[in-house]
Every structure is written in structure tokens, then in C-alpha cells.
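Student: Please see the structure below; I have some questions.
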There are 4 protein chains.
Amino acid sequence: MTAPDKHPLDLEMHADRLREECGVFGIFGHPDAAAITALGLHALQHRGQEAAGIVSFDGQRFHSERRLGLVGDTFSRREVIDRLPGMSAIGHVRYSTTGETLLRNVQPLFAELDPFGFAIGHNGNLTNGLTLRRELVREGAIMQSTTDTEVMLHLVARSRKPRFIDRFIDGLKALEGAYSFVGLTNKKLVGARDPLGIRPLVLGTLDGCPILASETCALDIIGAKYVRDIENGEVIVFDDKGAHSQKPFPLVAQRPCIFEYIYFARPDSVVGGRPVYQVRKTLGAELGREAPADADVIVPVPDSGVPAALGFSQETGIPFDLGIIRNHYVGRTFIEPTQQIRQLGVRLKHNANRAVVAGKRIVLVDDSIVRGTTSTKIVQMMRDAGAKEVHFRIASPPITHPDYYGIDTPDRDNLLAATHSLEEMRQFIGADSLAFLSVDGIYRAMGYEKRDPVRPQFTDHCFTGDYPTSLTDQTAKSHAPRQLSLLAEAS
Amino acid sequence: MTAPDKHPLDLEMHADRLREECGVFGIFGHPDAAAITALGLHALQHRGQEAAGIVSFDGQRFHSERRLGLVGDTFSRREVIDRLPGMSAIGHVRYSTTGETLLRNVQPLFAELDPFGFAIGHNGNLTNGLTLRRELVREGAIMQSTTDTEVMLHLVARSRKPRFIDRFIDGLKALEGAYSFVGLTNKKLVGARDPLGIRPLVLGTLDGCPILASETCALDIIGAKYVRDIENGEVIVFDDKGAHSQKPFPLVAQRPCIFEYIYFARPDSVVGGRPVYQVRKTLGAELGREAPADADVIVPVPDSGVPAALGFSQETGIPFDLGIIRNHYVGRTFIEPTQQIRQLGVRLKHNANRAVVAGKRIVLVDDSIVRGTTSTKIVQMMRDAGAKEVHFRIASPPITHPDYYGIDTPDRDNLLAATHSLEEMRQFIGADSLAFLSVDGIYRAMGYEKRDPVRPQFTDHCFTGDYPTSLTDQTAKSHAPRQLSLLAEAS
Amino acid sequence: MTAPDKHPLDLEMHADRLREECGVFGIFGHPDAAAITALGLHALQHRGQEAAGIVSFDGQRFHSERRLGLVGDTFSRREVIDRLPGMSAIGHVRYSTTGETLLRNVQPLFAELDPFGFAIGHNGNLTNGLTLRRELVREGAIMQSTTDTEVMLHLVARSRKPRFIDRFIDGLKALEGAYSFVGLTNKKLVGARDPLGIRPLVLGTLDGCPILASETCALDIIGAKYVRDIENGEVIVFDDKGAHSQKPFPLVAQRPCIFEYIYFARPDSVVGGRPVYQVRKTLGAELGREAPADADVIVPVPDSGVPAALGFSQETGIPFDLGIIRNHYVGRTFIEPTQQIRQLGVRLKHNANRAVVAGKRIVLVDDSIVRGTTSTKIVQMMRDAGAKEVHFRIASPPITHPDYYGIDTPDRDNLLAATHSLEEMRQFIGADSLAFLSVDGIYRAMGYEKRDPVRPQFTDHCFTGDYPTSLTDQTAKSHAPRQLSLLAEAS
Amino acid sequence: MTAPDKHPLDLEMHADRLREECGVFGIFGHPDAAAITALGLHALQHRGQEAAGIVSFDGQRFHSERRLGLVGDTFSRREVIDRLPGMSAIGHVRYSTTGETLLRNVQPLFAELDPFGFAIGHNGNLTNGLTLRRELVREGAIMQSTTDTEVMLHLVARSRKPRFIDRFIDGLKALEGAYSFVGLTNKKLVGARDPLGIRPLVLGTLDGCPILASETCALDIIGAKYVRDIENGEVIVFDDKGAHSQKPFPLVAQRPCIFEYIYFARPDSVVGGRPVYQVRKTLGAELGREAPADADVIVPVPDSGVPAALGFSQETGIPFDLGIIRNHYVGRTFIEPTQQIRQLGVRLKHNANRAVVAGKRIVLVDDSIVRGTTSTKIVQMMRDAGAKEVHFRIASPPITHPDYYGIDTPDRDNLLAATHSLEEMRQFIGADSLAFLSVDGIYRAMGYEKRDPVRPQFTDHCFTGDYPTSLTDQTAKSHAPRQLSLLAEAS
């Protein structure tokens, strides 16, 4: 099975979004383990749309189904779920951050260790994954995927500790970067969050069975109860005897990724105790206070800008209205007519709602600007629809630095804010005015007075350049060019 | 190719929506005719998601591609468009109103007449289609589909008039009911709208080439200019010599279907000169005046209730907020875990936004109630999320009568409002209060003082029982049971 | 579903074979009607490999499955057979003689007539099919396929006779050319063979149920008993009351196609009372008498030449041996390496058996020569393998005239024997000697003294130019160019 | 992709054949490397029909395509070959001997070693594969397939030698059993044959480029020249500097598998200098001398018995004729009608040629008997067709012992000859007489006076129980049950 063709037009719009990373799910001891995992992954679909996989264990054998495409394309079918028997399962949705999107890269990955099997799914990115990989290969390890997750499999396989959990922790200790893992052995469901808790992981319960999931929305879809967030640096194991938690790393304060709030998490999820939708409305209100505009209507860029636009509207008293209509049947990019159609790319997904926009001074509200190409087109679409003035407001600060923890950001050169002043950005986008929320504005919206420059409360390097861990692979990069797998396979 | 499996859960939610009927598109004389038609159909996807087809003519040969599934599943691919060469094309998206969804029912249909070929796509439903079909079969006509559209093909084929347009009009004159046709011959693009103009059809232009489409949003996606609506009872022909319009029927006042405004048309379309989004906001505002509520927040049922909820909010001053979050990755129904999960069906598509709803008195706003099953679940979902009071407001009157003009309504027995009083409906749904917009409220929102009982301005039988044409097949039905095709084919 | 790609190399070898036409099968009153029909079609696969179809009737509804590809690709699967319920079924395998191989051309064709349904499958070709088609279209008939078979459907539909069988015979009377029909209505299985009996059709019985099939091998596979051949000009009907046979045409002597013996029928079939395998051996023996050769070994061109080569060997006493080995995994043509490989096309299917051939004087025996391109390559392959002398012997006369009765022969210009003398053919092929069986040699092998020039016992125009019926479409052709359907469809 | 369904009927006939094992092919330095490999694999298709794969190297990257199904299903298509660029390639066809037929088991397998990539394809079976696998897993190796071939990958990966070839030989030295390997690195094509040369491997040349292949027929298809057989215990490497051969094992006499001659190799191949077709004819002639029969006609069981039957016929003077006709369109098993059809399974592939058989005393000649179920049915089919006497002659000795070197034989309990006396076998099969070729008869046919009991010239344990290597896994089996992978995956 090959990846669906991508057309330049579509890539362009795609390229102007931060790519969400991955989502994980696991359940232990439930007779409908695979069906529930499929539903949980469906709720986490926004975290990864390129591939999905589930591994179940039936008491004797592991079963694995991994496919390119959406969860519903494969895992909604009875015959697929029937091929995943057993009371325990873990699942994964993936947008590729490292490794090409090939079937052999789709998680959960599995290894038959001695004397047990072990499956693992990973959300995040290891900043020393490439370095570890090279060491392992040099020692005779055979890598089948080009994911950094496989490194963890080999580390566990090579640990000489007798107990599984000690081998697992041996593996974790070699890692650097961001990770939320779910793992499944013949006897245990295991979860782990990196020492800073960069990527999210929550614990829930359904019919008395423990569930691990990237977000609470995956608990809601199955009617499971939220218990608590897995803590930064926590390793938790569920087996027939119950739950066992430990913190094998030196204790440090948590520093979750601020982008989960701004961008990635579903608005109906609660992350780190904060309802995401309310955070986004507050970001919009904060933005309304910092950078108001004299205008007739607040128009969200759908759907990402809606909560912030509502907050902005409520703060400023300017009415909120849908000046852009989104086509719900997206996902495919069409052949572009040879006789050029202006702005086709953007129109496949959006259309101006002329009745709202024509003759008005509008404030466009979005959650972020990455490359700026889509923003440019949307401003132009508003002008074509007769907007008198177009003010652009962004409910987060300028993105100036790339991410290495599981978010697919462009290189610095392609980040608009990394190479343009505010005024240059305004000109590029073609807006009458442009404003971003300040960094401290975010922290105020999160309930702090301001960013703590010594121990920042969040991972926020994309806005500040302050990376929370060392970046071993990046440092090495200048000396030895990245050279992951030599093998390209399409099947 | 068989239709995707439908699971009871999904059918249940499906069954509680009015099904949108069909959409048509045609273009004449453009070098990218098929690619443009594909884009136009994509913009009309909301009018029919079960199948799509395009027929093009390359000066010598007709080419046809018809498939089950979404437009983007097939017609986004270069190799498919390459199999549709030519400067003229028509296309169709379908949700089956009559006839099973088999490939041979997918439009446009084609016939090789003498001495020309003729392809046709149809939005609407003939109320004497079955009667005509029987007469034709009795005379030796061989039907290949179970669509009423094929009847029109045979009528044209059997007309003895020498000119195509006269044969086409011969066909139209035998028809009763609702239709917007687009047709393509070796030399002409033709459009026609029934004498009352029940279903919409608009004329646009791109690079000087004429375009026919069900809605203006199909013009917007390709940057085409809107020219005017095709009038009720108008037949229009485009060929190398230009456009020629005629009105072969006795002139009567138009009476377009009110449901296009309430429900079917995309909010960014302009139908009959009225922006649909604004109509819906006005319906919501009118509802706010007729049936206000003492509440803390206005919550739209996404996405159908959003414009009316905004209008209701602006009219009443109660803040608008997203108390229900929609999962954008829908379309598939999942295997239900054997250990029952409450309300799984509704949660696949929606989740309560507890932060907005908990402890609040909320007003749910939707566009209509059909069977009421979904409404019941959404009210319960709001209560589960902690809503203190749930007031339900519907921005249209109770639906008491089925449609026969291209909308797939349930039988009368299954229309909640046909068998329940208002108070019974409230109890069924479980809301603290329930109110519908009045019939005159619609007409006020459309700019009239009230409904003209003698010559109603719109086709509104679903609310009033006042059907605008005779219903030959329905009358015949009691005597001779419907017995369409005996042939079941899956390919 | 689109037709598999054909590569030039493959077409070349294909083009050098006569294409077999079609096969038909029908059974009445058996609980496993569809499964048995599938097996019967599998046994008739050699008569048509491009598509297959089955129509069944379950007492209330007709069911149809028609697919491109081999019988076993589709009809071996339980879910397909399960979609064909009922006690009666007819089936068809097709190699396209007229009409492109599109799904809508795959038979059996079906029409809902009044008041019954009618499905039909056809082996043969109508020599006035195009003429009839034009008349019907002029009168308003709508053709969905480009097959001549559909003409018969329309003729039956338009007949005003009250009884089905009279309408069926009305249709037959308009036809000219070769046909063996099987048909199925709500109540009857019907078979018919053209007045000369050009194409075969046999009657068998299984568990007391009547079966119609193109060849006896289709009876053998299911263990059915052969009863008799349907006679030339016979129409036979089976229904709940039993069998009824009639001969509605003026009686003439039968004149079956000689090519069924030489070429098309399976060697284990018995056609017109003669075992095909024995006929072919006798043709080879006759050839050995007419044109012996001084050689060391008789080598058949596999597999078509094997029986004749055995007969030749037994007649001449020269040992028979497999000097050419056939690859059983054929059916696909491979990408040709850009760096030319000599004779790749022929080697995909055949390889010289050097151990048999090297240093020997060999006699290659084949059943016929069409274009001669494959023969040329096989002679060269023998020489490359070290054959000292290569004598080519053909167990039928030179093909000088095209067929119009269901065999796909090239135009006259491309028939080697139509444009070359014997010596020119020998040079073209590169053989040391070349000989064909004489026309009278065939008749001797069939048990006659010689061909009766007044009333030839067989249809043999390909060798003699003596066409047994008028050729209406061919005569018309010069005036009005053939212009079948304008519609190209790939689905 | 899942394996096609197998129906009991089909399995029964399948189960009564020895399964051929695998075929390998490799080419170095040719611009059409992948296309040529595809053709070579097509010629080797008889050695494995369940899956096929090709790995190419383009100077920078390895490319891999592996699929279930026939070579022609996948590798005939331009787009697949285009995804395999480069001047070197190896390929593999597989019938699973160890490991389920899952996509991840399809070869060539690939590993990224340090600092090179390495792909490998294997024909044969390791008799200590399971034992080695367990040791490796215990040391932390992660196995992705359930093939014994992957063991070799890990052995090479773990060798600490600096040069590739030394690591490769390190790997070989750990192996026991039968193997012919082709391998590909960034710089080299490598071939190796086990110390006894049990499985075949030949060297050819095309346009000056070296080729390795299991059989000479793979050279013939591309017009390549045969150079020589790779010798037992030989390791040969091709790179830009030329060829380099070595023999790293203690020298022993070769002992190739006799079954390649009797059964597996294509008749047009030359194995170990002997034309396979001639060997089989000689086996038949030898059988005619050892066990003549008083009969009217010699009938081969198609196609396996044809050469031996010709030899038997020429030796005995009894005429050879095709008394059984094979349906060339095999490969699928059909739904069996519920109303039982006798002998359906055998009739899908064969039909009696009654004209040859009826009233005759026949000698059936086949190459071997495994379980005897098919032989029983064929004897019955001959009797049903009217044979007066049926004498069965087998051109090899009784199979009394299973194979462990790459041939899929049933357990001893299911080998007819292991549990029945000759007379019991005759009764089981229902023949009038039954005879096998003697063991010494084989050796005579191979040109020896008799089998050398001290140093047998061939691997012949299936007839003699004399296994040529130790059988480590078999010995271990009684203690520790086989427990290959715990992972079942269908993709």
C-alpha cells in the first residue's frame, strides 16, 4: 500500500500547518480491548492522520494490524477487529515526524524478546534517537523501521536485567527528548512520560479497567472516567495484580509543551487540568486586550481560530461571525486545471462568506502563523469578497524556532517570523494590521503572572529558542550528515 | 464495487437527518472541462455523498466515469480526469432518493440516440416517474437503471421531432414533479428547471464559458462569475453559436423549495438572490423573538445549527459558545463493543465541551427535528456534562409531511412532529423547554409579511401539507404496488 | 475495474492467435444453480478469458454479477455465489468480438420487459447486428452496451406477441449470422441455435435438471450426463412443465464451424458426435500422409499442436518429443528491458528444450498459421537451440478469409496466407519446408470422402471464402462507416 | 494483503504434491537489473508461487518490493519496476517452508548494517535455524520475520570482522542444512551454496554482467549465457573489480538433491550438467524396463508425468496418448455445490479424455506418490471413462521419509509409502497393478551403476532415510516445543 499522492497545491496548504505528531492509547483487561482502542484512536485522529495501528494480546499470541490511512478506514470494520482478539491492546495514530510513512514505520512496533513479546507506541521525538540508532547498528542490531521508537525496542531487548520493568527503565534512561510511551507485554500494560512531561498522557478507567491515552477526549468517546494525568518522569505498570507507579528519574518540575494548548489538543480535552477550549478563548481575550482593532466583525480562520475569535469578540464586544465557510469534504487535492484558477488550493477547503464580509472592516483571528502562505491567501480571499479592511490577529507569539520534540515544523528559513520583522510579515500577508499575542500573554492566559525565565512553566522554545533538553542529534548533525535508512520500500 | 457497510448505530444517526438529494454541474467549451466539473462537484458534495459521475465529450466520443463514494475519492486523480477528455462536461453527485445505490444508477446517464449521444444529470424527483416508466416498458423500452432520470432519456429517444431541443422539450412536457436537469449532446449543453423552480439551478461564467450548477458555491470554488439563476420553467441551451433560452411551459409564479434555505444549500451559497447564511441567522433571530429563553449560553448543534444559534444569540444577547465539539474525522461507523457503551453513536461525531456547559442553563439551537432520536441523545449528553437546564429551539416549523421532490424524508409515521404534540415532543427529547419557529416566522425571515395562502411563495409542504404538484405515483400506489426493477446487481 | 494493461509484446503474440469467442451455460431448477454455472463457465474458460457473468433468478428477483477477468477470479468466491441465489441461472464467458471489453458489455445482458425479466447470453456474431441496431436506435431504443446481443433484447422487448416464446422467436427471425443463445426468464430457461448450427450448443442433465452448454467439457466438470446436441435451427424451452422444442425456421442442412474442431473446442469435448482430440490426431495423421518429412523428431508447438503432432508421429513413425517447454505461469506480459532482449515475447511462454532439439532434423506441428509472427519466432528458437533442419507442418489449410461468425480473425491484409504464396510463407517463417493440410484433407479427417462443393458439410469460409449466410453489415460498411457507440466508459 | 482463501478441496490436491521451495536470482551491473530479475523470477515461478520480492540498489539507496502472489501479478508492471532503480538487484520466489506466508516473511530480507546495507534471498532450509534463532533472541536480537533466513542476517550483523565477506562467511559457518543464497550489498553481489550443494545455483552472463539463478531456465528467458554451476561449498562475490570465488568449508563431495531432477526443476533446465527432461525420460524408460505392463496405451498424469511416460512408451513400444486433459485455467478453487458433486476437486484441473481411454488397458505414469489421494481419484476417473485395466507406474521410489532441506513434505504419518506396503498402496489407489522405480533405478538413470552406499552421489533421504547433515532442530524438538513467533500479523 502506498501513500496517497500529494499534489503541490495540497502540500502547500499542508506545509503551512504545524503537523500534529502522534497519539497513543492502551487498555488492560477488557473483553473489547481492540474495539475500544479503535474508538480511542478515532478520538485521537487529529494527532496523526497518516497511519494507525493496534496490537492486541490474547493470552497466547500477539496480533497486529497496521495500516496507512485514517483509523476509520481500517479499524471500523468487524473483520479487522476480529483479527485482534484479546483482553489487552495498545494503539497508535501517526503523522510522521521522523521516518518516512511506510507501512513498516507504522506503530505499535513489536519485538519478540526472550521470553516475552513486547509492543510499543510512542508520541514525541527523541533528540538523541539517531545517535543511539547508530551505536546499536554498529553493535549488530538490525533495524527494520526508520523510526526512533525502534531504538527503544532494541534497548529493552539488549538490557540484561531479568525483570521486564527494569529492562524498560534501562531503555528509558538512555533516551533524551520527549516521549509518552504505551507498551504491552504478555502480562503488562505500561505507560511512561519523559522527565519534563513534554507530551501528554492521561489515565482513565472503564468498567474497572485501566486506560492510557494521549488526551481526555479519547476517554469521553467510550464513556471512560478520567482519573489523572500521568506525571512527568512517571513509569506506570498495570498487570493482574493491579497498578504500580514509579519515578526512576531525578525529580524536576514539569514543563509540558505549550503547543498542546494553542494548537494540537482537541478543544474538548482537558490537558494538565486545564480545559483546552477555555484556554484558547482566554488566549483570544488576552489578544483582544493586547491588540484590539477598530472593526465591524470578528472572523475566525476555521476551524483552528474559532475559540480564540470568540474570546476576542467577547473581550472587545465586536460581533463574531462566520466570514469563511469550510468545506467539510476535504482530504483530497484535486488536479489543477491547466488554465490557472487563482487560489484553488485555499478554495478547496474554504470559501468567503461574502454576505458577512462585504463592505466590512474585519478582524481575522487564527491560532498561529507558520510559513504565512495560507494567511496571505485568506487575506486576499477576504479582500476579493469585498472586505474594507482586514486586520489579522494571532493568538500566539511569532514562531521563530523549529521543534525537535514531535512537532513537524519547517526549517528556520521557512518560518515566516524567523526571517521577517512584524511589518515585513504584515506586508507579506497583505493585512491592514497584524498583531501577535506576547509570550507573557500566553502565561497570563495560563494563569501565571508571567513566564518564569529561570524555570519556565512550559516548553516554549518555538517562541523563545529555549530548548528544555540537550539536542544531541542536532549537535552531531554538522559533523555527520543524517543518513537514516537506505531502504525505500513501498508495500 | 459495493456500498460501504452501514452499521445500525450509524444508520440511526443518518436516519435522523433529512438526506440531501443531488447536485448537478455542467460546463461548455472549456479546455479543462472535466477538471473543473470535478471541482464543482466537490463544492456540491453536501448535496450527495453516495456516488458521483462525470460525462465529457471530446468532439467525437463521450467519456464517462461513475463511481460510488465521494468526488474526491475518484475525481481528484489525474488518471481519472485524463480519461475524461473534451471541452464540455456535465457531472452529478447523488444521494439516492429513488433507486438503490448501484453503479448503474449513478448519473449522468447516457444514451446513444440517433444521430447523437445524450447524457443527463438530474436533481429532484418526478412524481409521475414510476407511471411513465411502466408505460415505456410496456412499449418495449429497456431500462438499465432504477432511476426516474432514465425515463427522461427514453422520452427524448422516442420523440419523433427532428431537432434535439424539441425532443428534449417533448420529454419535459411529460414530466411532473421537481427537476433541475443538465444535459450534454454532441453539440450542446442544456439546462432546465421545472415550472415551479422547486430545485435550484444557477448560471455562471468562467473564461467566457457558460456553467450550470446547483449552487453558487460551485462557481466560487473555481473563481467563476455568477450570472443569474435559471428561472422556473426555463430551458436554456448553449452551443457554438451562443446561448438560447425559452420557456416552453405555461407561465406560473416560482415556488422554490424552502428547505434549500433551511437545510440543504451550503451557507456560503446565494439561492434565489438570498445569501443562505444570512437567511439562517435571520431564522435564528426570528426564533429568538418568537421563543426566547432565560439562559446563560446559546449552544449550536454543530454544524447545522451554528448560523441560527448566532442569530438567536445576537437577538437575545445571550452569549454564543461551542458547547458541543465535532470530530472532523467522521464518515465511518465503528464496531460497537459488545459490552455496551452508552451513546456511542452520537459520541463518534460529537463530544460535550464540559467547560462551556457544566452548571449552565443552555439553549440548544438546531435547524430542524426529523425523528428526534439524535436530539434526545444530545440533550442527554448536555445533561451528562452538567448542564443545569436544557432548552431546545428549532429554527424551522415542525415537519409533519414527507417530501416527494428529491428530499429523503421518513414516512409520516416516523416524523416525530407528525405523531406527537409539542409537549410530547419535549418529553421525548427530554428538554426543559422546546419551541419551533412558526411557518409565518419563516416567511418573515424571507422578507415577506407572511405566507400567502393562495399562492405560497415557497414549496413548504413538509410543514403545511400543501404539495405544489399532483402526485400521480402516490395516487396510483394504493392500486398497484411499486415494483421497480427485479434486478439486483452489485458491480 | 479497468482492463489489464496490454503490452505490445503480448499483443503481438495474442494477435497471432485466432481469438476464441464466447461460451454459454444454463441450468434450470437446481438448488446450486449459480455454483454449478460457475463451474461450467470455468470449464468453458478457453472460449473467453476477458470477462464472465452469471444471472440467477430466485423466484422473485434476478441477480447479476458480471466482471472482467477469469471466472475463477470472481466466481470461485462464496460471497459472490451467495449473491446469486435461486434455482435457475445462465452464465457467459467472453472474448470481445464486437464491442470493447467494458463492464457494461459483459453478458448475460438483462432487461426488465413487461411483465417479466429476461436475461440472455450469446455465443456467435450477427452479420446484420449493426444494421438492426441502427434501425432500433432510430426508433428510440436506448442501447447500453456495444454488443450485438443487446439487439436481440430489444427485438424481444418490442415484439407485440403475448407469449414470451413467440416474442423470442420474433427476435430470432430478424437475425442473420451465427448464434447459440441461452436465455432466462422468470419462468423459463431457453436455448437456440442458428439455422445452420454454426456455433455449438449441447444439452445435458444433472440430478434431473436440464443444462445447456457450449461444450460437453462443461458437463463433465460437474458430472452431468450428455443428452444430445441442440440441433441447427432448434429453439428449446424448459420450464416447470418440462421441455418443449420447436424449429421455427425453414429446415436446412446443418453446417457447423470447422474451427471448433481444429482450434476452439477443448480436446476432451465431443462436438457434433466427434471427439475433438481424435479429430485433431486424425488431422495430424492426414497431414503426415499428405506432407511427410524426412526428420528425426516430431515437435508440437505447445499446447495447440500436441494432438496433431501425435497423429503425425504415429502416421509417420518418427518419434514425438517435447522440444518446446511451456511456462505454465503465463497471462502477464512483463516490462521489456530497455536493453533489447531478443525474442522476449515468445520466451515468456515457451523455451526450447535444447536436449531434444540440438543437432536434430525436426518437424514442428501446429494447428494453424494466422499472421505467422509467432511461427517465425518459434522456428528461430529451434535454430538457436541447435536444430539442424526445421520442417513446419500445419494441420489445417491456409487461412485466407476473415470470419464474421464469432471468431476474431485479423483483416485479410494481416492473414499471412491471404497475401503470400506457400513459398513466400516458408521464407517468412524461415523453415526448411512448409506444408498445410488440404481442404479435402480436413473433410477426409471428418469422415467424408471430400468437401461437397454444393452443400458443404461445414462452415469453412476462412479456408475457402464460401460464407454460409449473407453479410449485411459488411455490404453496408462501404457506404456508411461503422460507428458503434460513442461512449467510452471505464468502470 | 492477505493470502487467498484456500478451500478444503483445493488443499487436498495441493497437499498431495510436494511443495516446491524457493527460487533465487541476482544480477550485477546491468542497467535493467530489476526488469531482468523480474523475468528471471517469472521463469523460476514453479519453485514458489506464494510470494515474490526484489531488492535493487541504485548506488545510494536500496529499494524493495515484496508481495504475496505470482511474479506476474506485481512485477510485470512498469510502475513497480520503476520503483526498483539501480544496476544491481536480487529476487526471490517463495513457497513457505518455515514461517507463515505473511508479507514480512517475503524475501529478500534487508538489514541496514554498519556501514552498509545487506539484502538476502534464500533457497533451502536450515536444520539448526530454530536453535540459532533462540540463541540470537536471548542475546537481544529482534526478529521481524519468522523465516530461518533472518537468522543469517543477524549472524552477519553481529560478526565483528571488518570486511563484509568475512562477516558473511562467519554467518555461513554457523549454519547447518541446505542453502543457496544470493545477497546484495552497496558494492557486491554474493552467492553461496551449502557444503553439499543440496540446492542448485548456477552462474550465467548477460551483456557481460554476472547472473546467479536457481536454474538455467532463468538464464534462457533473458537470453543469458550459462557459464557453470556454483559448486558445493563455494562462496562467490562480484563487484566492480570482477569476480572472486572461495571455498571456506572443508572440502567434501557434492551431494545434490535428487528431487530437483525427479520433480522440482523445470524440464528445460540443465541441473548439474544433466538436462532435466532427458533425466525424466530416462527414469521412465528405466521404469519401463523394471516394471513393464501389458497394455494398449501409456497415459501421463499431466503435466508432471509426461516426460517419464514418453520414456516408458519409447522403451515398451506401447503408444503414448493424452488420456487426461488439463484445464489450463487453474489456480482457484470453487465453492462446492451443496448437493455433492463427485470428484469435483480433481475435475477442476483434469478431465478424462474418454476417446483415448474407453475400452483400453492403460498405464498411468506419474513422477511420484505422496499421500496418494490424487492418484486414487485419477484411477477412478479413468475407470469412470471406461478404462478396462489401469496400471499405475511411478518413475521414482516410494517416499518414506520427510525432507528438512526446503521441500514441504507431509509428516511421516501422511506419506502413503511410509505406512503402507506396496500391495496396500495398490488397493488404496485402486489400480490393477502398481510399481515404483527402484532406488538403484534412479542412479542408473543418472549414469551410475548403482547408489554408492558409503558416499551416496545424491541427497536421497526421502527414499532411503539417509539424511546428509545433522538435524539439530529436530533433535531439540522433543525437549522444547517449537514456538516460533508469537506475533500474528495480516498486512
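Heads up, the Cβ atoms here are built off N, Cα and C, so glycines get one too.
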Student: Check TrEMBL: it lists B:Asp366, B:Asp367 as binding Mg(2+). Then name which of B:Ser304, B:Ser433, B:Ser438 it lists for that same site.
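Tutor: For the Mg(2+) site that includes B:Asp366, B:Asp367, TrEMBL also lists B:Ser304.
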Student: Cβ within 8 Å of the Mg(2+) site centroid (B:Ser304, B:Asp366, B:Asp367 excluded): which residues?
Tutor: B:Tyr263, B:Pro300, B:Val301, B:Gly305, B:Ala308, B:Val365, B:Ser368, B:Ile394, B:Ala395
Student: Say we define neighbours as other CB atoms within 10 Å of the CB. Which of the binding-site residues B:Ser304, B:Asp366, B:Asp367 has the fewest?
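Tutor: Candidates: the binding-site residues B:Ser304, B:Asp366, B:Asp367. Fewest Cβ atoms within 10 Å: B:Ser304.
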Student: If I take the alpha carbons of B:Asp366 (Mg(2+) binding site) and B:Cys22 (active site, nucleophile), what is the distance between them in whole Å?
Tutor: 23
Student: Among all the protein chains here, how many other CB atoms are within 10 A of the CB of B:Cys22 (active site, nucleophile)?
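Tutor: Total other Cβ atoms inside 10 Å, all chains included: 26.
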Student: Taking DSSP as the reference, which of helix, strand or coil describes B:Asp367 (Mg(2+) binding site)?
Tutor: coil
Student: Give the distance between the Cα atoms of B:Asp367 (Mg(2+) binding site) and B:Cys22 (active site, nucleophile), rounded to the nearest whole Å.
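Tutor: Their Cα atoms are separated by 20 Å.
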Student: What is the interatomic distance between the Cα atoms of B:Cys22 (active site, nucleophile) and B:Ser304 (Mg(2+) binding site), given in whole Å?
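Tutor: With distance taken Cα to Cα, B:Ser304 (Mg(2+) binding site) is 18 Å from B:Cys22 (active site, nucleophile).
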Student: Work out the three-state DSSP category of B:Ser304 (Mg(2+) binding site).
Tutor: coil
